[in-house]
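Here is the structure we will look at, set down as structure tokens.
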There are 2 protein chains.
Amino acid sequence: MNVGDRHYRTIWLSDDGRSVEIIDQRWLPHDFRVEKVSTVAGIATAIRDMWVRGAPLIGVTAAYGVAIQMADDPSDAALDGVWEVLHETRPTAINLRWALDEMRNFLRPLPSGQRAEAAYRRAGEIADEDVSLNRAIGANGLEIIKEIVARKQPGEPVNILTHCNAGWLATVDYGTATAPIYLAVEAGIPVHVYVDETRPRNQGAQLTAWEMAGHGVPHTLIVDNAGGHLMQRGQIDMVIVGTDRTTADGDVCNKIGTYLKALAAADNDVPFYVALPSPTIDWTVGDGLAEIPIEQRSSDEVSLVWGKTASGEIAQVRISPETTPAANPAFDVTPARLVTGLITERGVAKASREGLKAMFPGR
Amino acid sequence: MNVGDRHYRTIWLSDDGRSVEIIDQRWLPHDFRVEKVSTVAGIATAIRDMWVRGAPLIGVTAAYGVAIQMADDPSDAALDGVWEVLHETRPTAINLRWALDEMRNFLRPLPSGQRAEAAYRRAGEIADEDVSLNRAIGANGLEIIKEIVARKQPGEPVNILTHCNAGWLATVDYGTATAPIYLAVEAGIPVHVYVDETRPRNQGAQLTAWEMAGHGVPHTLIVDNAGGHLMQRGQIDMVIVGTDRTTADGDVCNKIGTYLKALAAADNDVPFYVALPSPTIDWTVGDGLAEIPIEQRSSDEVSLVWGKTASGEIAQVRISPETTPAANPAFDVTPARLVTGLITERGVAKASREGLKAMFPGR
């Protein structure tokens, strides 16, 4: 999407045809830095140290890492080696593993002399496929936004609440939860986005707000505590969030706090949608609450807040007593009963086993 | 309550019998500062600039301000003057006005030569009455905690979630929502408190956590997003919050985000209690959602986070883009249907007009 006047993806091939350029997201929203990465070690660092984040983007970055390796050394040993090196950077990231497997399986049968070119081509395809997937999600979500517009006064904006960052920064472009928003903007529909700051890591305040500001989407930052109140007052027309994992029964695992917004939406008859590419559906799990283990992250993410001081320095401040321990569950599970619909690339499915089976009959 | 080895109130008369000493809460949890205040101007600053905060404490501080004025000049003009000066510091604070009216009405009939001594005595009584009120709330809340203990394994702690700071720092001692917790500790009952950080001003992280640490109460800081997840997992036995204003129908106006916790409690059959001194019941209002105006505070409270840097400096950091606007509603209304009970100094009332009338038959 746009950063001011210019369109960007989160990752693209350099003019040299060999390196990739990425947005180093660690400095957002305070500093917009593009970095050229030319080595496998550089790709590993970018994934491990979260210069790039978001499942789809991690996968694409890893695919380009394999391509860089093939340009250096297209041997079988190098192909296995780069798989190992990159897989270790974020071992629990499913998209990372998928992309590495995809690249290795695609390249293995090829003669080594053809591997480099084929690898760059396939990595580029994976990037483009992500964009297409997100545009398809966006188009399906746009239909919902249009239905809301039809019930409004002319020119009145559709107020959309989102939590965390399921935006273009988490993908190659468009994002998942944000795709319907960007397509609405493209279609000239007035939207206004309430952005949950999304403690503890503030991805809403740092990333989603930055995306909206860069692309010129009217938006307002709120604390995570405020969404329920806004819904009570009729100030939210719909909620759209992303998901890390959706179960075959339609339960949604997403950033901590999503469940509270879903409760408030249900209590106030506000439609609550989850946008997801179908590969994030985990068909092996039914009951999300019982079966999905929740990652416990560092207490420092709760106790320390990162930002920019008045003098322009990047700093962390402690908000609590040194002796106070903190717990930091990273995700929660929103039961399917609270989800109005699952916006996939194929259409909007009911959040239930029947709904998902009807949309994805092969599964 | 205790700060380490020593018991404190939030305000007390100095040894000179004329000044008061207060905890300057602006520096908590990073610095524990006690300030001696000897002038009306000093009292006005302490209230206006939030050295002291919390409705009951503001009232008591103002009462001592009147006493300081009477020691200086016990004339009728001075009595009216101090009322005006102190009322202007926080014009919407109901307890402030109540305490100023109470002091003026009490002092007016007295000969000016008796006013100073009477004023200090009455201010001290108001302080003691607050402590008694809170202890009574605590005793009634303790009965609920004891019922939960009775259903637990021996030695297993009662897990209590609280939001914001309705602690002893907001009162003279004990607090409202925290009074049952402190009385449970006095009774040797094992408790563990989950402290919501309470964005945007982080009163939970800064004040409630500091209180718990100082008094030695086991506690864990969490982001406001986490409480629903903990309830889903059975990790919360009860919620206790305070309130700024409770309606005659039992609707509860409290710090933004309270409503979300009440929804999660209801969804998970976790009892949700509100602790309140009966003077905060607004008998003139029924439907809190329709009738209570919600204060909109500065967007800087959302965009800037206050704390201590690694090098020990107090600083604010910006967490969002400079161009991103923020909305900051300070309170929300929790409908009575989500409230298990109202813990008052007289007992635990049902959150309904009938429940409140039964407990306060005169109203």
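The backbone N, Cα and C atoms fix where each Cβ goes, and this holds for glycine too.
Of the residues B:R9, B:R18, B:R90, TrEMBL puts just one in the substrate site with B:R53, B:G54, B:A55, B:Q203, B:N254, B:K255: B:R90. The highest number of surrounding Cβ atoms within 10 Å, among the binding-site residues B:R53, B:R90, B:K255, is found at B:K255. Using a 10 Å Cα-Cα cut-off around B:C164 (site 'Transition state stabilizer'), the recorded positions B:G54, B:D244, B:N254 reduce to B:N254. The separation of B:D244 (active site, proton donor) from B:G54 (substrate binding site), Cα to Cα, is 9 Å. B:Q203 (substrate binding site) is surrounded by 26 other CB atoms, counting those within 10 A of its CB over all protein chains shown.
Highest local Cβ density among the recorded positions B:A55, B:C164 belongs to B:C164, counted as other Cβ atoms within 10 Å over all protein chains shown. Sequence-distant contacts of B:D244 (active site, proton donor), defined by Cβ-Cβ distance under 8 angstroms and a gap of at least six in the same chain, are B:A55, B:C253, B:N254, B:K255, B:T280, B:F331. Here the binding residues for substrate are B:R53, B:G54, B:A55, B:R90, B:Q203, B:N254, B:K255. Their largest Cα to Cα distance works out to 19 Å. In this structure, B:C164 (site 'Transition state stabilizer') belongs to neither helix nor strand by DSSP; it is coil. Under DSSP, B:N254 (substrate binding site) is assigned to a strand (E or B) in the three-state scheme.
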